[in-house]
Every structure is written in C-alpha cells, then in structure tokens.
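What Swiss-Prot says about this protein:
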| type | residues | note |
| --- | --- | --- |
| DOMAIN | 3-237 | domain 'ABC transporter' |
| BINDING | GLY35, PRO36, SER37, GLY38, SER39, GLY40, LYS41, THR42 | ATP binding site |
Amino acid sequence: MGIRISHLRKQFASFTALDDITLDVRQGELLALLGPSGSGKTTLLRIMAGLEHADGGQVLFGDEDATRMSVQSRRVGFVFQHYALFKHMDVFENIAFGLRVRRGKERWAEARIRARVEELLALVQLQGLEQRYPTQLSGGQRQRVALARALAIEPRVLLLDEPFGALDAQVRRDLRRWLRELHEQTGLTTVFVTHDQEEALELADRVAILNRGRIEQLDTPARVYDTPASPFVYSFVGAVNRIPGVLAHGQIQVAGHALPSANPALAAGPVEVYVRPEDLVPDADGWPATVAWAQRSGARLRVRAILDAAGNEVEVELPASAGTITAGQQLRLAARHYGVFPA
C-alpha cells in the first residue's frame, strides 16, 4: 500500500516543523527521511503513524483518508530508536503483545498467535531466544525483537524512527544489510527516519532530504549523491569543496581556468562550484595547487591542497595507488564532475 502526503503543515508555537510537505511513498518501497535535527523528519513520520496530528494537509493510505484516523485504525507498525520493549516480558510475549491486546472479533486464537510469533522469530533470526528477557539480549537482538513486534500485527505500513541510532557502528552496519534483506522478503511499504547519510544511501530505494520543514530533494540514493538539487544537499550528503567563480557567456572562471557551466538556467554573475573530494583528480591541464597535508587512510589517500591562483583550500581523495604525496608538493587538479549554484 502506498502513502500520499499532501500539503502537510505542522507548527509548534513559533517553530514551523513542516512547511507544505507533499510526498508520495510508492507501494513496496523503502523510503528514507534524511535530514539534520529540527528538519521535520521525525514529525513527518509521527504524523504518518497518527502519533501527531497535522495543522493542515492530508495523509492518504492507499485511497483511504487517514488524516484524522486513530493509531489503531491505521494499522501501522512503528519501531522506536530505543526499542520500547517491556522489560517484564520475555521475547515471545513482547512480540505477541500487539496481538494479545486486540479485542472482540479482532482477537486471535492462542494457536494462531503462537504460530505468528514463531514465524516472526524465524524471520528475524531469533529462534531459541523466545524465553529470554530484554536485559539478556544484545542491542541488535533487542532491535530485532522490536521489529518483530511491529510486524506481528500484519501492518499495512512499517515506520522506523532512527532504528539503529542506539547501536554501535559495526552492529549498525550488520543490521542495515539484514533490514534490506528483510524488506526484500516482506515487500512492505517502509519509511525510516535517519540523520546518518551512509545509512540512507545504503538502505533506501529513494531518499527524501528534509531541511527546515521542506523537502529539498526526493530521488534515488545515486542521484542524491551524484546530482544534488541544492547547495544544502551537496553539503549535507557527503563531503564537498566550495570554490568561488564567475559565470559569463556560458563559462565559469574558477581559479584562473574556465569551466563549462553545468547549469544552463543559471544567470551570469558570481557563483560557487561544488565538487566532491573524489571528483578532484590529477590532470596536467588542471589548476596548479600546493599540497598542505596528506595522509594515507586505508585504501584511500586524503590530501588537503591550496589552489595557487585562488588561495582556496580543497580536500582531495585519491586511491592509495596514486603514490606518495607530501606537504609542499606541486599538483595540478581538475574537476571531473561538479555542480554550480549562485553565490
């Protein structure tokens, strides 16, 4: 089932959390809401879940208007950053909780509940741990229990609020791969919030970049990284160098060299060229630069250099096979891919 968000607005006193947000989440896709603190990503997720209500706009689940629908009626699975597991219940009962609290015709028979929990234990790879309590589990295992509990009610949509935020780096990486595989198995429409760029780019089918209550870009991970729609997206997703220039007659004068404009709609005048460290490469016809600092980092060589003509400091990332580079060494650098925006 898809989700359609239309002209959503949310205000907290004088703070605008969401400013006319419109967004379609496709059926079966895994969508990341990525942005800094205060960008509105968690507020948007909570409104989807029914935990907050918008001041204006509409939320549709499929063709059904869910804007004022209760949390229970929406049938969403929600996973919190800090698990929210019941400490006095073992793994089995935590997973079964949402099924046991149902009333009337919606209440399942005990045999069906048990079968569903056992199915989920296998799905999240926790067979044999059903009698353990949350305090006896690792952080990664607790998050799997939380996810199984969210899936137990057979939700129409799965929503995750920074699901790996409380875990250490290696566990996060392992769980990211596992969650992607799980999504492929279930095909459930899933939206997750994160401030971790790597997490969003690795996991999601599409990424919505939020900033100050607005969506700056909604696109595939590859296009978000390779073709950012704004200076904010360039700066927030990955590292970037900003080099001042002047656009005139379709050419950008940058550090004594001319570059073709990458944006034909851009008006003449001062501009900034945005280029990622890995897109600055040695080139005999490039900008003269002086190395200020160089450091090997695994398979990469990180270099900080000064463009001689402009005096701008830039960061360069080269393969370690580029050889030894030392401070004071002269280089020539060219931008193989870049974006241009008004200064």
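Quick reminder: no glycine exception, Cβ is built from N, Cα and C everywhere.
Shown here: features listed in Swiss-Prot, placed on the structure.
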residue: GLY35; record: ATP binding site; CB count, 10 Å: 27
residue: PRO36; record: ATP binding site; CB count, 10 Å: 13
residue: SER37; record: ATP binding site; CB count, 10 Å: 7
residue: GLY38; record: ATP binding site; CB count, 10 Å: 14
residue: SER39; record: ATP binding site; CB count, 10 Å: 25
residue: GLY40; record: ATP binding site; CB count, 10 Å: 24
residue: LYS41; record: ATP binding site; CB count, 10 Å: 29
residue: THR42; record: ATP binding site; CB count, 10 Å: 21
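For the recorded ATP site, residues GLY35, PRO36, SER37, GLY38, SER39, GLY40, LYS41, THR42 set the reference point as the centre of their Cβ atoms, and the other residues of that chain within 8 Å of it by Cβ are THR43, HIS195, LEU210, ASN211. According to DSSP, GLY35 (ATP binding site) is assigned to coil rather than to any helix or strand.
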